[in-house]
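Asks: First the structure, then my questions, so here it is.
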Amino acid sequence: MKKYLLEITVFVTGAAVMILEIVGAKVLTSYIGSSIIVWSGLIGVILACLSLGYWYGGKKADQEPSYKIFANIIFFGAVAVFLAAVLKEILPAFLQKNIKNIYFESIFDTLILFGPASFLLAMVSPYAVRLKMVDLEKTGKTVGNLYAISTVGSIFGTFLTGFILLSYFGNFRIILFLAALIFIVSIIVYPKKLFKTKTILFLISIFAILSADRIEAFVGPKDVIRISSQYNNIFISQSIDSSSRRPIRNLWTDPKGIQSAMFLDEDDDLVFQYSKFYRLAEYFNPDIKKSLMLGGGAYTYPNDYLRQYLKASMDIVEIDPKMTETAEKYFNLKQDPRLKIIHEDGRVFLNQTDNKYDAIFIDVFNTYLIPFQLTTEEAAQKMYNALGENGLVMVNIISAINGEKGKFLRAEYATYKKIFPQVYVFSVELYRLSTQTQNLVLLALKSSEKKSFLSDNEEFNYYLSRVWKKEIEQDLPILTDDFAPVDQYLVVAF
């Protein structure tokens, strides 16, 4: 083992950098989402820290090439990883309250939480190269071998995290495990230096891993159930509905907004007003037999749909199996022969399906984040193709209508107008100006036959009265798979 000690070390630290980066993205998702803006900030800062680490590691190795210093670098890298685990809730929550800009939040969160560890772990490879140098004639081979091994470690860490770790462990445990592993490496590299200190910190890491649930419950939000999956950090809490004063259970995946909720008393009514607008599908297509829903969440609307259409069925495409498990456990989702759940990306499903639907409901907003691949002209065309003759699409949108905050709505409206003969927008919230961010429902009809916006049904009549009657400015290009700046349009709305 001693013969290959440096190779093992660069492999482990290479893996650690990628594990930290991927888990770091998941940590930030709970506070600032997972938009391309957040990913750009995360990757950019970590690359900058890695570059500085490579430079300084090489410089330090030339000045003082010793295993003692090498072990210290690894040790302090482990300390930095451990501190990232400790601060992963405290720092993002603090910055969120004091910095109201997602660009700066993503940069400072990454820089403070993961920058020091990335810098120190990056120092390992160039330092290992210097320690390995014994024959100048084989310098190129030595450098190539060690950097190749480090890269293989990064590849291994990437697959391990994405395919296994995030499926079975929470972010806190993964980061603590990483710290413990790096502590072990620092002890093996040079056991004489700070042996007691390293051992104590290693044991603290192990204790923290075993007590992770209690520690997270202590430092995190109180009275909140936390569930981690490959795709989301899922949070569940209870509160009182502000309008009805009734107890509700909430589900969210980031603290900027609640995605789903249900009443805890016996009433099965929907909590959120926008989801009640989906009932208008019956007015525009009275003969609904089969529908598709993209985005299950807590499955509150699918439950309402089954109660409303006693002879109809619904296919639900929800990418996250853990979300479905959560809905079954906490939101009264029951198995039903009329309900088919597919765990897949919504766009992938649309690309492959040959089914015909009477209605398609889309509810995939995660505060200000929406999967761009479901907003484009190509996606709208797939929906059009998947509809029957009188089919319709209803989309939950969070945006303004006019002004800077309404860019996403106007771009999406123009996109659907290119495919569907009739497109309407309903303003869900009363007393909101058109320049204010709000819940909107977009309706696209496959049929060109005009319908009256008056109904004998009192409930339908109210929803119909909320249609936006003024012209919607089409001042933005349509969204396409090639160009869809969805995140940039939405970030200004919040």
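Cβ from N, Cα, C; glycine included.
Any TrEMBL annotation is an automated prediction that lacks curation.
TrEMBL lists these features:
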ACT_SITE  D363  active site, proton acceptor
DOMAIN    198-448  domain 'PABS'
TRANSMEM  5-24  transmembrane segment
TRANSMEM  36-57  transmembrane segment
TRANSMEM  69-87  transmembrane segment
TRANSMEM  107-125  transmembrane segment
TRANSMEM  146-166  transmembrane segment
TRANSMEM  172-190  transmembrane segment
Asks: For the transmembrane segment (5-24), which partner among 36-57, 69-87, 107-125, 146-166 gives the most CB pairs under 8 Å?
Replies: 146-166
Asks: Check each residue in the chain of the residue listed as 'active site, proton acceptor' that is at least six apart in sequence and keep those whose C-beta is under 8 Å from its C-beta; list them in sequence order.
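Replies: Expected: S275, M293, L294, G295, G297, Y301, N396.
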Asks: Hey, does DSSP put D363 (active site, proton acceptor) in a helix, a strand, or just coil?
Replies: coil
Asks: Would you mind giving the whole-number mean pLDDT across the domain 'PABS' (198-448)?
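Replies: Result for the domain 'PABS' (198-448): average pLDDT 90.
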